[in-house]
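As annotated by TrEMBL, domain 'MSP' applies to 8-128. According to TrEMBL, the region 'Disordered' annotation covers 132-180. The compositional bias 'Polar residues' annotation in TrEMBL covers 147-170. Positions annotated as coiled coil by TrEMBL: 183-210. Per TrEMBL, transmembrane segment is recorded for 217-238.
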Amino acid sequence: MSGGSGTFLEIQPSELAFPFEIMRQSSCSMQLTNKTDHYVAFKVKTTNPKQYCVRPNIGVVLPGSTCDVTVTMQAQKASPSDMQCKDKFLVQSVVAENGATAQEINAAMFNKEPGKVVDEFKLRVVYVPTTTPNPIPEESELGASAPSYSQENGISHSTMPLSVSRSSAETTKEKPSEATSVISKLTEEKMSAIQQNQKLRQELELLRKESSKTSGGGFSITFLFVVGLLGIIVGYILKRT
């Protein structure tokens, strides 16, 4: 943005542009460059002093040097319908004595008197609209959206809703526990079948001895029946395990 040139100071920029956002203060700056060989005193005034804070609002610029002035606009509760501002700033400058300091500058130095040059430069205020940030998505939108994954090694990874991913993880955790339960149950049944088999073998041995005593070494019909029944029971149990 172009600036302006007075008798003593060159002022950049020629207007004060404030980024405008409701309920938030904003700042801009201007540079005062002394283009003379003398010390120059300056004073900054505004038509709306309650709305702005100027630092420094008074000072001295040495020959060939530049002074930065920061103007802060207070937060506003509402924005104008046309985004136009009627506020103005005035920069006054006069030649000061060599070696003058900011503490020695007073308001009387800028009074207009015959034979005294008081340079004045006016700046208008401009509002610059700021872009509104995107609203934060609701929790329901976050649950429905799919996470993005970067492309690695030329393979684009597919996306999946977070709810489905959590469900899959829970299912994966449940499967090992179910398999463990089934294996434990089968192991118990097998051990029970082995114990029953041993018990039947012992009973079979007792029946064989008793049958040997009664029949003189032959097998009775009852013994053969028991042996056949035992075989059926053992085969059924082993088939289940």
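Note that Cβ sites are derived from N, Cα and C of the backbone, with glycine treated the same way.
A quick note: this is a predicted structure, and the numbers were derived from the prediction, not measured.
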The domain 'MSP' (8-128) - residue tally per DSSP class, helix then strand then coil: 7 helix, 64 strand, 50 coil
PLDDT averaged over every residue in the coiled coil (183-210): 77
